[in-house]
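Per TrEMBL, these features apply:
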DOMAIN    3-432  domain 'THIF-type NAD/FAD binding fold'
BINDING   19-24, ASP43, 51-54, LYS67, 112-117  ATP binding site
BINDING   CYS153, CYS156, CYS432, CYS435  Zn(2+) binding site
ACT_SITE  CYS168  active site, glycyl thioester intermediate
DOMAIN    320-369  domain 'Ubiquitin-activating enzyme SCCH'
DOMAIN    442-534  domain 'Ubiquitin/SUMO-activating enzyme ubiquitin-like'
COMPBIAS  600-613  compositional bias 'Low complexity'
Amino acid sequence: MASEQQLSAIKGAKVLMVGAGGIGCELLKTLALSGFKDVHIIDMDTIEVSNLNRQFLFRQSHVGQSKAKVARDAVLKFRPHISITPYHANVKDPEFNVDFFKQFNVVLNGLDNLDARRHVNRLCLAAGVPLVESGTTGFLGQVTVHVKGKTECYECQPKPAPKTYPVCTITSTPSKFVHCIVWAKDLLFAKLFGDKNQENDLNVRASDASSSSQQTEDVFERKNDEDIEQYGRRIFDHVFGYNIELALSNEDTWKNRNRPRPIYSKDAIPVEPVGQNGNQAKNLAAGNPLSVSAMASLGLKNPQDLWSLKENSAVFLEALKLFFSKREKEIGNLTFDKDDQLAVEFVTAAANIRASSFGIPLHSLFEAKGIAGNIVHAVATTNAIIAGLIVIEAIKVLQNDITNYRMTYCLEHPSRKMLLMPVEPFEPNKSCYVCSETPLTLEINTHRSKLKDLVDKIVKAKLGMNLPLIMHGSSLLYEVGDDLEEDEVANYAANLEKVLSELPSPVMGGTILTVEDLQQELKCSINVKHRDEFDEEKEPDGMVLSGWTQPLAVEKNGKGSTDNGASTSRVSEATSVVTEDDDELQIIPTQIGKKRKLSDISSAASSEVSSFSNDAKIKRKAEEADDNNDLVMLDGGSSENSKKKREQ
């Protein structure tokens, strides 16, 4: 039972929730049942079919509607007397500024990307409002508390670059080639050749259904009188044509995104069969089934060649025909294997066709084969546990109970008979450029790099500023905003294309730049250091920023202990998988019962297998949580020989 003091704090609190997905649904329910009376929710997403298995406030009839609005309506049915204000919008919209944040007593995050999390962190710092962060990944999860001047901010510690690929992104709004690979491998390939009873997020309703009974038929089922060529073209038209048109019908999805184009087989490739070497395919099939090749049938030899849309379409149809003609007995039991040549060809072709539809650069079979991944499904119970922990910490924050703040981690396997591991928060990082305003250092070739390079690769990509302003002394070099005059916009656009040393106020070695984001109320200084050469592999940007929170270096000493030479015990295996919640959790040991210092993170666990002392506390470094999805993929790749380059 809550004390009278707690109930008073709860009833008088005004709470902002950012995110109404997997964690958000559980959180809103828990807030309502805990007695909170005034809750505001921001979420820009609409409900997808794939959300329904864990985001329990939503139903089939809600698909396509605003998550924030439907969540509000669902909770008001069992708590009608509380106030819930939904915003179907992006938290980065101008209306959600510092003044907006100042009206709340606490902010609770359930976001799906690093950029938005940084943005909310900075607004909370500027507004002086406590932030409670969270994330889940399968059975793992964490809740962290961030209070200005008392604990570390969200950006005090390194956040590895996100490599998560949510289901709604994969099925509806892909923006990277790896999204298309995941779709082709884990959805389309699995649907066509894998277990027919396995759940799949692909739309299976026939595009030519003329009655309600037909609409329930699975378009992927091959008809008795249908030859392989007809079946292949029907599948092609459904997934690359009809499903794209269906997605385009939801106008809200494409307000701020490029619209994809439907592709039909008759447009991509002539109806007549493509010339092929049937004997070659037959001979291959006579040996190892895994050596059957659509490329060989079509006379395509080099796996590093970039296929055209027509060639990809031909490979897609030919691979599908070969599966049904040469490997029919395997259909229904197949899983993707990167060593299965025909499977790799099919996935590459399907991914490239989808990429072409969404305006994403195509890749060769060699490149596509190099992308490997892991699936981690969302666990509704983990979301519920984390939502409860968020509310517990929010109540402590509302009571200003600083000594009892905890960053709590949910484990998959018990550690010292505990599945929930509470840890005292870090103190603020004095070298954090966000909350401590520590100057940064930028090594760059000022005679070759343009201002545009600085803005895109450093200010936006690394510092996460959305509306940056860059000054050299009293000279304004760059600014963005709706209130600028046309001549100012033209002047700043011209500056972007100028080399740094040739700007109106030249930027050279020794220059100090002031970079500011007025929306986030964040300002930092950058000391510029001229440098001629950069390592092409290790420093691909052609510039190096020091002083910001880069990904943690992992020490491997070959010994069992990772902290203070203590005895070892296996606490957890932190595997390099990325999840529906966009969080990669790394384990970092610290001393139990003691205030955590920044030096405690000097020894980090391996991303594959980590051992810890019996007297270890656990801190998981969150990558980025996307609590709206349940399928993800780890982007892998090979490194080439390091090369030195002198910028021309």
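Please read every residue number as a count from 1 along the shown chain.
Cβ from N, Cα, C; glycine included.
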Checklist outcome for this item: By the 10 Å Cβ-neighbour count, the most surrounded of the binding-site residues ASP43, CYS153 is ASP43
Next on the checklist: Per DSSP, what is the helix/strand/coil residue tally across the domain 'Ubiquitin/SUMO-activating enzyme ubiquitin-like' (442-534)?
Outcome noted: 24 helix, 32 strand, 37 coil
Checklist outcome for this item: Expressed in Å to no decimal places, the gap between the Cα atoms of CYS432 (Zn(2+) binding site) and ASP115 (ATP binding site) is 17
Checklist outcome for this item: What DSSP reports for the domain 'Ubiquitin-activating enzyme SCCH' (320-369) is 32 helix, 0 strand, 18 coil
Checklist entry - Residues near the Zn(2+) site, CYS153, CYS156, CYS432, CYS435 excluded, by Cβ within 8 Å of the Cβ center? => result LEU125, GLU152, TYR154, GLU155, PRO428, ASN429, VAL434, SER436
Checklist outcome for this item: Quick note, CYS156 (Zn(2+) binding site) and ASP115 (ATP binding site): C-alpha atoms separated, nearest Å, by 15
Checklist entry - Counting distance between Cα atoms, which of the recorded positions CYS153, CYS168, CYS435 is nearest ASP112 (ATP binding site)? => result CYS168
Item to check | From recorded positions CYS153, CYS168, CYS435, the one whose Cα lies nearest ASN53 (ATP binding site) | outcome: CYS168
Checklist entry - Which of the recorded positions CYS153, CYS168, CYS435 has its Cα closest in space to the Cα of ASP43 (ATP binding site)? => result CYS168
Item to check | Local Cβ density at ASP115 (ATP binding site) - other Cβ atoms counted within 10 Å | outcome: 15
Checklist outcome for this item: recorded positions CYS153, CYS168, CYS435 vs GLY19 (ATP binding site), shortest C-alpha separation belongs to CYS168
Item to check | Top Cα neighbour of CYS168 (active site, glycyl thioester intermediate) in the set of binding-site residues GLY22, ASP115, CYS153, CYS435 | outcome: GLY22
Item to check | Euclidean distance between Cα atoms of CYS153 (Zn(2+) binding site) and ASP115 (ATP binding site), Å | outcome: 15
Item to check | Segment-level pLDDT (mean, integer) for the domain 'THIF-type NAD/FAD binding fold' (3-432) | outcome: 85
Checklist entry - Which entry in the list of binding-site residues, ASN53, CYS156, has its Cβ near the fewest other Cβ atoms, using 10 Å as the limit? => result ASN53
